[in-house]
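Colleague: Right, I'll just put the structure down here and ask away after.
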Amino acid sequence: MMTRKRPLALLILDGWGYRENTQKNAVFHANTPVLDQLTAKYPNSLISGSGIDVGLPDGQMGNSEVGHINIGSGRIVYQELTRISKAIDDGEFDTNPTLIKAIDDAIKADAAVHIMGLLSPGGVHSHQDHIEAMCRLSVKRGAKKVYLHAFLDGRDTPPRSAKPGLAHFEELFKTLGTGQVASLIGRYYAMDRDNRWDRVSQAYELITEGKGLHQATSAVEGIEAAYTRDENDEFVGSTAIPDAQGNIIKLEDNDALIFMNFRADRARQITRSFINADFDGFKRAVTPKINFVMLTEYAADIKAAIAYPSSDLVNTLGETLQNRDLTQLRISETEKYAHVTFFFNGGKEEPFKGEDRILVQSPKVATYDLQPEMSSVELTDKLVEAIESTQYDVIICNYPNGDMVGHTGNFDAAVKACEAVDSCIGRIVEALEKVGGECLITADHGNAEQMTDESTGQAHTAHTSELVPLIYVGRDAEIEKGGRLSDLAPTMLTLMGQEVPAEMTGRSIIQLKE
């Protein structure tokens, strides 16, 4: 007979920060009776999910990938942004053998170096400083044909903020004496992660064939035309920029294609379209034989050169639970499924022994403000069922609403998103109480608590650096001040009466009173 387990659940409310300022603060304005009651009744605190507390540069807003890696590993993990920026500052970037080989092979073949990535100072998926370093390195090594394919942000940055960056790169290429911005497209198309291949195909055609919905003579002209069409950065339609002689720029055999995004989840689909022989997401008119470089490893099954391979994280929470014969469930919607599995497990794709996974499909809508509750009801149905089954020691669940709806900049929809999650939490807490379980409620980073950019008056669609809540729904206890995301795994193990592995440098911040 199966032993009844009293689960410890970790509920991660994605994009749910705490902000003193209540103006356009969807978390504050939402009617959240369940969380209000839990906060009044149970120990709670605010913890940090940004900057140096999660291995990012000081003051850098947190994000879902970084948050889940820190939570799952129980230690501060120095992020790719920090690691690559440091390599550039130290001069090590210019000696990276993978990057050098790609550039030099292209030069030898009289071929071009194509650089693509999210041209943004956002620091979530990429950083434009890294892209600049790549352009400079290519020219320094003697490349005569250097082409930049710019994916535009407007999601981790204000909705219309791409123009200064594009102008900067046009000036940079003038200074370098060679190179140009060859194409523009919004990240909505190039960086889809939900198998919407009709979007990705537009970016693929633009880069491989030079085919765009629009043409422009310069990047600045291209972005100005997009704004005239009322397209924000994220949604800029594919725009080809021919060279000075009017020739279409396209990816050809022997060219290097260097992808400068360091975050994996939104880099995988487009990468597979370039390098997988058996790719079937859409029909490719051409498949040039290129040297493709990923800045970091996007997935174990993508066979391409990696400039900065990841270092292994051992004894993460998932691995520790496996080693102690404890059972665990990971559950979320499509949008955050990779976060509660791959990222939470420190970049490991395979589930651990005793780890079950439930994926609930996110709704197929253009943007989530059209359905702010997303699939939260179905997710909660499955989660309640899992709790009542009493077969799991630990349950990790992510509700994407605060983040995914927060990114749309739609305040009213973000309020509805928070309200939907609140009612779900009520059902979960009730189910846990029935089986003698407990839960920690927290967030990976802020977003929905700031829906307007006070300096510009534009919608605020990015994450924030605000602290995030932590509520312990369980025994009589106190939560220490000054916690951070990396303290959650050690805290959970301690609550379960388990020893914390030495690799976890976070600390247990909940002291039981009994």
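Using the three backbone atoms N, Cα and C, a Cβ is placed for every residue, glycine included.
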Colleague: With Asp14, Asp444, His445 listed by Swiss-Prot as Mn(2+) 2-binding, which of these, Ser64, Ser73, Ser389, Ser486, is given for the same site?
Modeller: Ser64
Colleague: For the substrate site that Swiss-Prot lists with Arg155, Asp156, Arg187, Arg193, Arg263, Ala264, Asp265, Arg266, Lys336, give the additional residue from the candidates His125, His127, His130, His214.
Modeller: His125
Colleague: Using a Cβ-Cβ cut-off under 8 angstroms and a sequence gap of six or more, which residues of the chain neighbour Arg193 (substrate binding site)?
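Modeller: Within the chain, Arg193 (substrate binding site) has Cβ neighbours under 8 Å at Asp265, Arg266, Arg268, Gln269, Glu335, Ala338.
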Colleague: Show me the subset of Ser64, His125, Ala264, His407 whose Cα is within 10 Å of Asp444 (Mn(2+) 2 binding site); these are the recorded positions I mean.
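Modeller: Correct set: Ser64.
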Colleague: Cα-Cα, whole number of Å: Asp14 (Mn(2+) 2 binding site) versus His463 (Mn(2+) 1 binding site)?
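Modeller: The Cα atom of Asp14 (Mn(2+) 2 binding site) is 10 Å away from the Cα atom of His463 (Mn(2+) 1 binding site).
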Colleague: Counting every protein chain present, what is the number of Cβ atoms, excluding its own, within 10 Å of the Cβ of His445 (Mn(2+) 2 binding site)?
Modeller: 28
Colleague: Between His407 (Mn(2+) 1 binding site) and His445 (Mn(2+) 2 binding site), what C-alpha distance do you get in Å?
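Modeller: The Cα atom of His407 (Mn(2+) 1 binding site) is 13 Å away from the Cα atom of His445 (Mn(2+) 2 binding site).
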Colleague: Given Asp403 (Mn(2+) 1 binding site) and His445 (Mn(2+) 2 binding site), what distance in Å do their CA atoms have, once rounded to a whole number?
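Modeller: Here the two Cα atoms are 9 Å apart.
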Colleague: Pop the Cα-Cα gap between His463 (Mn(2+) 1 binding site) and Asp156 (substrate binding site) into the table, whole Å please.
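Modeller: Checking the Cα atoms of Asp156 (substrate binding site) and His463 (Mn(2+) 1 binding site) gives a distance of 7 Å.
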Colleague: Other than Asp14, Ser64, Asp444, His445 themselves, what residues in this chain have Cβ atoms within 8 Å of the centroid of the Mn(2+) 2 site's Cβ atoms?
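Modeller: Here the non-site neighbours turn out to be Ile12, Gly15, Gly49, Gly62, Asn63, Gly67, His68, Lys336, His339, Asn398, Asp403, Ala443, Asn447, His463.
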